[in-house]
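Listed in Swiss-Prot for this protein:
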ZN_FING   29-70  zinc finger
ZN_FING   102-143  zinc finger
BINDING   CYS107, HIS110, CYS129, HIS135  Zn(2+) binding site
COILED    181-250  coiled coil
REGION    268-337  region 'Interaction with CDKN1A'
DOMAIN    319-514  domain 'B30.2/SPRY'
REGION    389-518  region 'Interaction with CDKN1A'
Amino acid sequence: MAETSLLEAGASAASTAAALENLQVEASCSVCLEYLKEPVIIECGHNFCKACITRWWEDLERDFPCPVCRKTSRYRSLRPNRQLGSMVEIAKQLQAVKRKIRDESLCPQHHEALSLFCYEDQEAVCLICAISHTHRAHTVVPLDDATQEYKEKLQKCLEPLEQKLQEITRCKSSEEKKPGELKRLVESRRQQILREFEELHRRLDEEQQVLLSRLEEEEQDILQRLRENAAHLGDKRRDLAHLAAEVEGKCLQSGFEMLKDVKSTLEKNIPRKFGGSLSTICPRDHKALLGLVKEINRCEKVKTMEVTSVSIELEKNFSNFPRQYFALRKILKQLIADVTLDPETAHPNLVLSEDRKSVKFVETRLRDLPDTPRRFTFYPCVLATEGFTSGRHYWEVEVGDKTHWAVGVCRDSVSRKGELTPLPETGYWRVRLWNGDKYAATTTPFTPLHIKVKPKRVGIFLDYEAGTLSFYNVTDRSHIYTFTDTFTEKLWPLFYPGIRAGRKNAAPLTIRPPTDWE
């Protein structure tokens, strides 16, 4: 077989060489025996170099013979043969290639063409090498066959490279589109932020108007009491001034006249003004009267202190107003959902705390529970007592050092019996932890989450109308992941405490009030 291959290779090489040699002959001038230069054709059909045939006929005036066939023509007729000129150029190029191949493809030992390929030594050899002792027992095939075989092998290697190239091309195309997508996302987020703050401003304006209205009402109330108090004090002052003038007049009287009706004078003024009874007071002398006047002045001072009392009341009313940030806190508090766990949905292996804020997994069921339509019987989870069909809601779940858990929401129509795959397509939007350090959003396929700081507490924010469910690491106040979808059913907060794996995952999941609002 090797000999047959050698013969076939030799025949193929000889045939190629003969064809090239014939082309060189046809492209040569019969006069100068070189490649035709500016080839021209004469009447008999032969071709020559223009310069050669011109010199050949130089001394002739008629009967111009052909240098090849000797046929004569009456006229010096030379027609350029441009097509032949192109073939001459091709022949020159082929000869140059042949020369280069011959120089590069010669056996260094025998100086013969390397026309064969040895499989054992994986090298090109010449005919002499192939029949020599070195390669006699080897498998030798024509170089063209080996070339074709290895081309096919390389083609197979090329296929995955082309696939990878296409993948990179698609990736590059995708990356080139991302700036535009990013611009759209940024604009969408910008509009969302503007809407959020417009809503916040609206709420703040409403709260501001309420507070200003309360302040104005409080001001008017205090002013009214101040006016009433001022009028009351004016009346008291006039009465006291009248009494003082009367007493002063008595003091100017003689002793008998002064003491004659002082008792009636004092009793008709002082009890009516101050509510006290002086029927038992019998001033004996001028010194006693002066003591009464001093007492009257002291009472006047006590009454005028009501101004100070109103002022303190004013301060007290102002201190009852919210602090500058109270309105914002009040608005934010409206987003906080009071989430409690629903025992009617709890898997039989789950135990809830008395306040229905904590849930943990137990391996042995403590009691038999009725298999109601709302209860999960395969997936060990529990839902909240209240679901959401609109609005924005926020709650936090303490996960502590647990090694396995999942939190999120599910729609009302999810399957609660039998085996299920909790994915968005089946109505579940969750973030989970398993094996202690593997976090993922349960998309299709799962989206790995690279969390730098292990969360002790997870915050969940649902914006029903916007179709977003966001998760936050409360421990370092970082964003974990956001689902974007279209919500069409009631959504229920979902809690999966994970299968108990020793003491590490024995702790419960606990719903906690947000840290900033405790």
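Using N, Cα and C of the backbone, Cβ positions are placed for all residues, glycine too.
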Worksheet, complete the sentence: If one takes Cβ-Cβ under 8 Å and requires six or more residues beyond its ends, the residues near the zinc finger (29-70) are 76-81, 84-85, 88, 91-92
Practice prompt. Taking the Cβ of HIS110 (Zn(2+) binding site) as the reference point, list residues of the same chain whose Cβ is under 8 angstroms away and which are at least six residues distant in sequence.
Written response: CYS126, ILE128, CYS129
Discussion item. Fewest other C-beta atoms within 10 angstroms of its own C-beta: which of the binding-site residues CYS107, CYS129 fits that?
Written reply: CYS107
Worksheet entry | DSSP helix/strand/coil residue counts for the zinc finger (29-70) | 7 helix, 9 strand, 26 coil
Worksheet item: So, by DSSP, how many helix, strand and coil residues make up the region 'Interaction with CDKN1A' (389-518)?
Response: 6 helix, 58 strand, 66 coil
Worksheet item: With a radius of 8 angstroms around the mean position of the C-beta atoms of CYS107, HIS110, CYS129, HIS135, what other residues of the same chain does the Zn(2+) site pick up?
Response: GLN109, GLU112, LEU114, VAL125, CYS126, LEU127, ILE128, ALA130, SER132, THR134
Discussion item. Taking only same-chain residues 6+ apart in sequence, whose CB is under 8 Å from that of HIS135 (Zn(2+) binding site), what do you get?
Written reply: CYS118, GLU120, ASP121, VAL125, CYS129
Worksheet item: Tell me, what is the mean pLDDT of the zinc finger (29-70)?
Response: 86
Worksheet item: Hey, does DSSP put CYS129 (Zn(2+) binding site) in a helix, a strand, or just coil?
Response: helix
